[in-house]
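Report on one structure; see the data block that follows.
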Amino acid sequence: MSEERHEDHHRDVENKLNLNGKDDINGNTSISIEVPDGGYGWFILLAFILYNFSTWGANSGYAIYLAHYLENNTFAGGSKLDYASIGGLAFSCGLFFAPVITWLYHIFSIQFIIGLGILFQGAALLLAAFSVTLWEIYLTQGVLIGFGLAFIFIPSVTLIPLWFRNKRSLASGIGTAGSGLGGIVFNLGMQSILQKRGVKWALIAQCIICTSLSTIALMLTRTTHQGLRQHKRSYKFELLDYDVLSNFAVWLLFGFVSFAMLGYVVLLYSLSDFTVSLGYTSKQGSYVSCMVSVGSLLGRPIVGHIADKYGSLTVGMILHLVMAILCWAMWIPCKNLATAIAFGLLVGSIMGTIWPTIASIVTRIVGLQKLPGTFGSTWIFMAAFALVAPIIGLELRSTDTNGNDYYRTAIFVGFAYFGVSLCQWLLRGFIIARDEIAVREAYSADQNELHLNVKLSHMSKCLFRYKQLPRRV
């Protein structure tokens, strides 16, 4: 690795792995990991696309089932809160066990844990197809699918950093765009099957598609042997890390991911039923949900590229503020299908900004050494707020107004994204202030800098800094 790369102060922390094996400031030897930066990494990127297609992409298709269940009262005794809760469980329940899943794939292997996830997801969809009571749907389309998603996604998200260094956010953006492609397929395809053959065959078809593609991705999955071996030796399972949990920046991280999940999940699960509430059909509602997926397919790679160039927090702060404005200025007055489709396409391109940037931001805050444990805690916060988000979205719906039944939901989602932008703005100021201290004291950007003391006055001065930054942020 050339000396210029180590000296380039504009290089993002995601693009820095200390290759010299020197001791860090705490006396710990840094991990020497070779990153191929291509080669077989392109097959890994393809696998990551397929994993996202089969997990988050398939999960976004639940909006179609939700609208169908609400419209047809499919299961006796099922209320809108029940179906919303099932969607929340599918999205989040497995993520509550993220630290345990992280520990398991370090004990066994990434491939083994992902394989378990594929089995969980396939069994869940197949059993859901033959479910006839509400509690069976809770367990299959809710809990078991949630565990399948978590067992596949949490290990797979670590693959890109092992194979790519330069333009890592771009690679993550391309990979997470797979969820957008999946959303298109599952929103349109499952809606068509559901109308022609019913819920049972829609779930069976989804089972076949997800299991087949995830299995292909699993066969492509490899880890760089040196990186995996070093990482296993260095990994220490810590459910609660005082150094992490006592840091102000980490709680700003927890704040913005919590707000992001409230906005993201409520919006994702509401647009199809919102379109139906305007007087359109379920099929037309699926078109709007599909536009969200089209937007994410096109937008996430672009967001990743821009984040590599200007900084993940800077880009995220701006885009989440734009999201808030779109919800207030476009969703609230929306009265027709054309506006709903345009809104879906616009918000779809930026509402998932968290996915291509989260790894870069977490690493920026805690460094490589504390990354696994911090990610585990972060997933728990995301899971907690994603669990209640669908319920909040439906409860805010009003049926006694003339016009937009979801105007209160739109206001709520707008404030959720405003909260994301605010937390990222504060976090950005904190990181800039800490970077100034770290650069002055000659610390490498990939080291654990949680111990550096940032005064509130110093942070406040950095909130409006946009030029001559010590590092890209």
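Each residue's number is its place along the chain shown, starting with 1.
Each Cβ is built from the backbone N, Cα and C atoms, and glycine gets one as well.
Here the topological domain 'Cytoplasmic' (1-37) has a mean pLDDT of 44 out of 100. Marked as topological domain 'Cytoplasmic' by Swiss-Prot on the basis of sequence analysis: 1-37 (among others).
Annotated transmembrane segment per Swiss-Prot: 38-58 (among others), in sequence order, evidence recorded as sequence analysis. Within the chain carrying the transmembrane segment (38-58), a Cβ under 8 angstroms from the stretch's Cβ atoms is held by residues 114, 121, 148-149, 152-153, 156, 159-160, 162-164, 171, 174-183, 185-186, 206, 209-210, 213-214, 216-218, 220-222, 293, 355, all 6 or more beyond its ends.
Helix, strand and coil counts under DSSP for the topological domain 'Extracellular' (59-83) come to 17 helix, 0 strand, 8 coil. The annotation topological domain 'Extracellular' is assigned in Swiss-Prot to 59-83 (among others).
Sequence-distant neighbours of Asn72 (N-linked glycosylation site) (same chain, 6+ apart, CB under 8 A from its CB) do not exist here. For Asn72, the entry in Swiss-Prot reads N-linked glycosylation site.
The transmembrane segment feature in Swiss-Prot is assigned to 84-105 (among others).
Marked as topological domain 'Cytoplasmic' by Swiss-Prot: 106-111 (among others).
Annotated transmembrane segment per Swiss-Prot: 112-135 (among others), in sequence order, evidence recorded as sequence analysis.
Beyond the transmembrane segment (142-163), the same-chain residues lying 6 or more positions past its ends with a Cβ under 8 Å from any Cβ of the stretch are 14, 33, 35-38, 40-41, 44-45, 47-48, 51-52, 54-56, 59, 85-95, 97-98, 101-102, 105, 110, 113-114, 116-125, 127-128, 171-172, 175, 214, 217, 221, 223-224, 227-228, 359, 379. For 142-163 (among others), the entry in Swiss-Prot reads transmembrane segment.
Look at Swiss-Prot and you will find 164-169 (among others) tagged as topological domain 'Cytoplasmic', backed by sequence analysis.
The feature transmembrane segment is assigned by Swiss-Prot to 170-186 (among others).
As annotated by Swiss-Prot, topological domain 'Extracellular' applies to 187-200 (among others), with the evidence given as sequence analysis. In the topological domain 'Extracellular' (187-200), the DSSP tally of helix, strand and coil residues is 13 helix, 0 strand, 1 coil.
As annotated by Swiss-Prot, transmembrane segment applies to 201-220 (among others).
Among the features that Swiss-Prot reports, topological domain 'Cytoplasmic' is placed at 221-243 (among others).
Annotation source Swiss-Prot lists transmembrane segment at 244-268 (among others).
What Swiss-Prot records for 269-286 (among others) is topological domain 'Extracellular', and it gives sequence analysis as the kind of evidence. Tertiary neighbourhood of the topological domain 'Extracellular' (269-286): same-chain residues 62-64, 66-68, 70-71, 84, 87, 187-188, 191, 195, 292, 334-337, 340, 344, 389-390, 393-394, 397, 404-406, 409, 413, selected by CB-CB distance under 8 Å and a gap of 6+ residues from either end.
The transmembrane segment feature in Swiss-Prot is assigned to 287-304 (among others).
Counting residues 6+ beyond its ends, the topological domain 'Extracellular' (187-200) has Cβ neighbours under 8 Å at 60-61, 63-65, 68, 74, 129-130, 206, 272, 282-283, 286-287, 289-290, 293 in the same chain. Fewer than three CB pairs closer than 8 A are found between the transmembrane segment (201-220) and the transmembrane segment (371-394), and contact between the two stretches is not assigned (pairs 6 or more residues apart). Contacts between the transmembrane segment (170-186) and the transmembrane segment (343-362): present, as 3 or more C-beta pairs lie under 8 angstroms, all at sequence separation of six or more. Break the topological domain 'Cytoplasmic' (106-111) down by DSSP state and the numbers are 4 helix, 0 strand, 2 coil.
Per-stretch counts of Cβ pairs under 8 Å to the transmembrane segment (244-268) identify 371-394 as the leading one among 84-105, 112-135, 371-394. 371-394 is the stretch from 112-135, 343-362, 371-394 with the greatest number of Cβ pairs below 8 Å to the transmembrane segment (84-105).
The residues of the topological domain 'Extracellular' (269-286), classed with DSSP into helix (H, G, I), strand (E, B) and coil, number 14 helix, 0 strand, 4 coil. Non-local neighbours of the topological domain 'Extracellular' (333-342) in the same chain are 271, 274-275, 278, 280, 284, 287-288, 291, 403-404; each lies 6+ residues outside the stretch with a CB under 8 Å from one of its CB atoms.
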